[in-house]
Amino acid sequence: MSARLTIVVGVTGGIAAYKAVGVIRALVLDGHSVHVVATEAALRFVGRPTLEAISRNPVATDLYEGVAEVRHVALGQSADLIVIAPATANTIAKLAAGIADDLLGNTVLASTAPLVIAPAMHTEMWRNAATVANIATLRGRGIHIVGPASGQLTGADSGPGRMEEPEVIARVALRAAGVSPRPAATAVPEPVADVVVLSERRRANEAARLPRGGVDLAGRRVVISAGGTREPLDPVRFLGNRSSGRQGVALASAALARGADVVLVAAHLEVDPPEGVELVEVQTALELQSAVTEAARSADIVVMTAAVADYRPAETRDAKIKKSEAGETLTLELVANPDVLAGLAHDKRDGQVLVGFAAETEPDPSALIELGRGKLAAKGCDFLVLNQVGWSQGFATESNEVVVLRKGGDIVMEASGTKLSVADRILDVIA
Ligand code: CTP
């Protein structure tokens, strides 16, 4: 059970306000005390009784209620975490300017807790220079921005602007407060809120419109590197790593199922590659670099799941290194391998999507995300799939848990489950 937090959920006035119920529900089910602060506009979209029933607490809206107990600062001061979902363009602008003309604005200003916002608006509003500048300002202050997702909007249009799914927002928010959410499987087995069911149903409907496996990558050329490179020391020994290649192979299977032409650049896979891929087997980082770079010239999507050795022995002996010559200690001189991903980003052709992976041992969730953001910027790729690894985590397992960041550092998706289901979610983001 994770630590019990006091969480303020701000709900602002957009059509996605109905999905805020799912966010509140997820946080309550994770064992936290949730206090909703709704704007007047939000209550036009979702009823106060619903928010009170789901949060199990009274809903606050009015700046001038509870003046004696100084409610406008008390809520902010008591919060361990503030989540605003949905955050409209107007709310984002007010947050950027520090405007406190309602209870939510006051609560935010009176708080030093992590603030997570889930923007929701039409694509044009999201792309408007004012919103872009406001989001940059908020990000610069360390505010976490989740989404928006791309997809069908309220009208007939579609594009980026749809509020991220409630479960994702809840998970990202808890991580921002340094709490690992309980796995969904161990959550209280109550039916989830109707809105979550609705959004699942919509996803199912969207999937049903596609033939089996989806067609969204038909005719696309996808290059995937997988496994772990080995750098030979002598004819019998190498420097290697624990990557099994399972996540890369799962991505290859998922891309094939969507009709893509898949090149799998494989370094020592522990699992069989799927039938139907063009398989290029490599041993070392240098071999992997030349195979991937060559294949990438005609690729629409390049995904680097391979664990590439950062260093190789300065010298590879032709004969076995003997104990008699090394003595009690043996010092190896290593030289840096090229950064394949950074090179691909440098030479990327127009329209190509480049995806990196990062396996990190950092245990703190927010520090992990910051590491990922740094790596994404350093590598110059379009997306970075981040996961935590350890002695017993991440390698040679059938499941995975990832956070996907896009260029600029926004979290665009979180997924956990089998490596195949995670692969499918990753392809959804890329496609
Ligand atoms: N990568 C690469 N070439 C390298 C090292 C890594 O292309 N020489 C790619 C990996 O395939 C992965 C991404 O870069 O997609 C991140 O790899 P990771 O090992 O996490 O990062 P490093 O760059 O090696 O940085 P560090 O080990 O210092 O964390």
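Counting begins at 1 with the first residue displayed.
Cβ atoms here come from the backbone N, Cα and C positions, even for glycine.
All TrEMBL annotations are machine predictions without curation.
Within the same chain, residues at least 6 positions away in sequence whose Cβ sits under 8 Å from that of Asp310 (CTP binding site) are Ala336, Asn337. Per TrEMBL, CTP binding site is recorded for Asp310, Lys320, Pro338, Asp339, Val340, Leu341, Phe357, Lys375, Lys379.
The annotation domain 'Flavoprotein' is assigned in TrEMBL to 6-174.
Annotated domain 'DNA/pantothenate metabolism flavoprotein C-terminal' per TrEMBL: 217-430, in sequence order.
Annotation source TrEMBL lists region 'Phosphopantothenoylcysteine decarboxylase' at 1-221.
TrEMBL lists 222-431 with the feature region 'Phosphopantothenate--cysteine ligase'. Here the region 'Phosphopantothenate--cysteine ligase' (222-431) has a mean pLDDT of 93 out of 100.
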_Diameter of the CTP binding set by C-alpha atoms, the set being Asp310, Lys320, Pro338, Asp339, Val340, Leu341, Phe357, Lys375, Lys379, in angstrom_ = 37
*asked:* Counting other Cβ atoms within 10 Å of each residue's Cβ, which of the binding-site residues Pro338, Val340, Phe357 comes out lowest?
replied: Pro338
*Cβ distance under 8 Å to Lys379 (CTP binding site), same chain, sequence separation 6 or more: which residues?*
Asp339, Leu341, Ala342, Ala345, Gly356
